[in-house]
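I have placed the structure first, in the form of structure tokens, so that the comments after it can refer back to it.
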Amino acid sequence: MPQVDPELFDRGQFQAELALKSSPIAAFKKAIRQFREVLDNRFNSGRDIRRLIEDRAWCVDQILQQAWQRFDWGDDADITLVAVGGYGRGELHPYSDVDLLILLDSEDQESFREPIEGFLTLLWDIGLEVGQSVRSVQQCAEEARADLTVITTLMECRTICGPDSLRQRMLQVTGSAHMWPSKEFFLAKRHEQQRRHAKYNDTEYNLEPNVKGSPGGLRDIQTILWMARRQFGSLNLHALVREGFLVESECSMLASSQEFLWRVRYALHMLAGRAEDRLLFDHQRSIARLFGYEDNDVKLAVERFMQKYYRVVMAISELNDLIIQHFEEVILPCEQPVQIQPLNSRFQLRDGYIEVTHPNVFKRTPFALLEIFVLMAQHPEIKGVRADTIRLLRDSRHLIDDEFRHDIRNTSLFIELFKSSQGIHRNLRRMNRYGILGRYLPEFGHIIGQMQHDLFHIYTVDAHTLNLIKHLRKLNRPEMAEKYPLASKIIDRLPKPELIYIAGLYHDIAKGRGGDHSELGAVDAEAFCQSHQLPPWDTQLVSWLVQNHLVMSTTAQRKDLSDPQVIFDFAQLVGDQTHLDYLYVLTVADINATNPTLWNSWRASLLRQLYTETKRALRRGLENPVDREEQIRQTQTAALDQLVRNGIDQDDAEQLWSQLGDDYFLRHTAGDVAWHTEAILQHPDDGTPLVLIKETTQREFESGSQIFIYAADQHDFFAVTVAAMDQLNLSIQDARIITSTSQFTLDTYIVLDADGDSIGNNPERIAEIREGLIDALKNPDDYPTIIQRRVPRQLKHFAFAPQVTISTDALRQVSVLEVIAPDRPGLLARIGGIFLDFDLSVQNAKIATLGERVEDVFYITDARNQPLADPDLCKRLQAALVEQLSQDNGRDTLPTRINF
């Protein structure tokens with residue numbers, strides 16, 4: 001604990017303050033306020049964090065001692081005030097609980113009841129956040145024996161006031177000779193850590209990590225020290241060096257990592273004004289600035305700060321693994337004779353764990369740095385790596401240099417790992433964990449811990465990359481065939497599966513460099529393939545996959561898949577079935593690895609539709625594109641067959657169809673054409689809009705709900721419809737809008753409920769939607785107001801300037817308006833309102849929500865049903881959209897991009 005520091009607490013001055021005041025509370029509060037201000041100023045000036053949190057604990061010691069002395073405990077009283085937990089370690093952050101144990105000699109508390117109650121009341125009155133317990137020595141023993149948390153807390157204790165003999169007796173009766181022997185304690189603590197890690201999804205890379213509890217956080221360091229304390233009676237990192245569990249460099253790294261997390265935690269408490277261990281988005285930017293990070297041309301300050309954070313916790317996790325493995329070998333020795341199984345001259349198994357056969361293996365044969373991972377992939381029964389071998393791996397990383405990277409033995413071993421029938425993902429993770437992967441592939445090293453500061457990418461780039469490879473491996477499992485039927489079928493027939501894993505490893509390798517990461521990554525992928533002696537065709541395929549890994553997802557979500565030209569253009573890009581197969585599988589894995597919430601039946605079916613239509617185009621031959629007239633005839637013939645079977649007159653159907661135009665038949669299936677036609681012909685001609693709702697049968701929108709609206713066209717049709725749907729808590733995924741020559745609108749919307757599920761066959765919900773839409777369309781003057789809902793905290797934090805792009809599609813004679821904006825409740829209704837103000841008609845729309853942002857595409861025309869040709873109109877439209885979508889945004893706007 002620190003020496004006396006009068007600037008923090010001056011006993012003489014404090015006693016004088018007490019004498020001047022009628023109530024002691026004001027003097028105590030002033031003293032607390034003073035040391036808090038001094039410590040916060042010292043923190044802001046960059047003082048040593050270890051000293052700061054120890055100084056805070058010392059200050060609280062002084063306050064407690066002064067408070068304790070105000071009560072009559074009796075002469076030679078057997079009562080002791082003990083600091084426990086983190087405060088017992090002498091570590092205290094600004095708003096951490098002050099954990100106290102009032103320790104008694106006997107269970108008879110009656111003689112001390114009044115002073116104890118007065119003491120605790122005073123602590124609460126002066127503003128100390130106290131967690132307290134009152135126990136006898138025997139009660140401590142009983143509760144510690146039954147509760148892992150209690151024994152852990154009692155292991156870290158200091159006497160603040162009263163005789164220390166009581167604390168010593170308590171430590172003696174709760175020692176490992178009486179309860180929780182080191183083996184039992186180790187197993188319980190290891191299980192506790194596993195449960196805690198599972199709570200945080202077993203990853204260091206959560207978007208809003210908990211600096212205390214998340215994997216790699218402060219609790220992982222404390223867990224190591226608790227285990228050491230129970231085994232050796234020591235409770236600091238240097239003791240682990242003396243016991244041979246750490247080397248000096250590892251001890252220094254753990255200490256500096258702990259201090260970094262302490263600084264982050266201190267800053268969190270200071271910024272939040274309360275105990276806060278979650279590194280929330282609200283605080284990440286503030287702490288980045290506080291720590292001196294600045295934006296540059298490539299990365300935001302917050303991204304650089306978070307990369308530092310993730311690399312620190314990754315390093316802590318790595319050493320936590322190493323030390324716990326070492327503890328396991330020491331504390332849990334095998335009761336059976338040691339089983340040694342040679343693998344080759346360099347490696348052997350000891351009780352199922354792989355280890356080197358001698359300490360100089362890596363020095364004499366550096367290729368063994370890669371060979372060990374290939375062996376583990378080839379022998380999935382291997383439980384893990386022995387602690388000494390993990391340390392040798394870490395200490396031998398410097399042997400991986402340019403000469404090593406170009407040695408054919410090493411390049412061959414690395415490719416061999418990708419050809420393994422199992423264990424690819426597991427051993428790439430191990431390589432990353434032990435620092436080998438980033439050393440062997442420096443370009444991978446650059447993306448370790450790199451976070452993209454948004455809600456769309458919920459993992460760092462390296463974690464996302466390894467998750468993608470994990471997902472590719474999962475597609476090979478039979479149990480995945482139900483959820484991913486097409487991808488599972490395709491991956492089984494890929495001629496060279498190793499190529500998809502290499503493409504997955506490199507698809508985001510150039511993130512964070514500036515420029516187009518797909519283009520830059522393709523160059524890196526090509527260089528990798530060439531240096532690893534892959535044939536030219538394989539090299540071209542991998543490089544092409546990296547360069548185009550976003551194209552299939554973008555096409556499926558933002559283009560009209562019913563347009564034959566869209567399919568033809570995509571088929572031209574793909575070129576052949578092999579490229580299509582590889583790209584489809586990579587895209588499925590990429591979406592799932594980016595953010596699990598992104599993958600739903602709607603996105604799945606979009607991709608499947610694009611794959612199927614492109615496959616047909618390739619089989620037909622790119623020189624034989626789809627004939628629009630033939631496609632229309634096929635749709636009409638199939639629809640007519642259904643209608644005639646249902647008793648609909650052919651002439652009536654064809655009369656209606658003559659008013660609908662070609663686009664209607666290109667953008668709807670025969671089944672939907674028949675459904676619409678029968679309902680329209682049977683609908684009374686009384687001006688009431690026709691609203692049909694069902695689960696969609698379209699392959700690209702399975703599990704969505706289809707809403708079909710047929711009504712007299714009106715200029716506010718789209719605006720009123722989307723506003724009404726917003727009020728009905730519907731999320732629009734796709735819109736297909738047709739205006740007939742008789743001035744009737746035929747709109748089809750694919751929707752999900754706001755929670756992402758389909759409406760299903762719920763009669764009450766369907767009736768509510770139908771009635772709500774009919775009422776809105778019958779009374780357009782009562783245009784539904786936009787619902788003002790609370791913007792979620794995370795969305796508020798990721799506000800950015802809306803971007804609006806307007807271009808002209810000369811072939812289809814429409815303007816294409818693309819909106820990229822922060823997601824907000826009622827956003828589509830706001831856009832519809834702007835279209836209404838500008839007298840614009842929406843011909844088609846593609847809706848995509850990606851994390852905190854929406855990327856919507858609208859195909860629009862002016863009042864004369866022509867593309868927007870007036871630059872001034874486009875600028876005013878853009879300005880209006882940006883202003884509307886910037887509400888509650890707090891960001892500057894971006895100029896439009898208009899292409900005619």
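Numbers here mean position along the shown chain, with the first residue as 1.
The backbone N, Cα and C atoms fix where each Cβ goes, glycine too.
As annotated by Swiss-Prot, region 'Uridylyltransferase' applies to 1-342. Residues annotated as region 'Uridylyl-removing' in Swiss-Prot: 343-705. Feature annotation from Swiss-Prot assigns domain 'HD' to 461-583. What Swiss-Prot records for 706-789 is domain 'ACT 1', and it gives sequence analysis as the kind of evidence. Feature annotation from Swiss-Prot assigns domain 'ACT 2' to 816-891; the stated evidence is sequence analysis.
Averaged across the region 'Uridylyltransferase' (1-342), pLDDT for the predicted model comes to 92.
Across the domain 'HD' (461-583), the DSSP tally of helix, strand and coil residues reads 88 helix, 0 strand, 35 coil.
In terms of DSSP secondary structure, the domain 'ACT 1' (706-789) contains 30 helix, 27 strand, 27 coil. Here the domain 'ACT 2' (816-891) is broken down by DSSP into helix, strand and coil counts: 26 helix, 24 strand, 26 coil.
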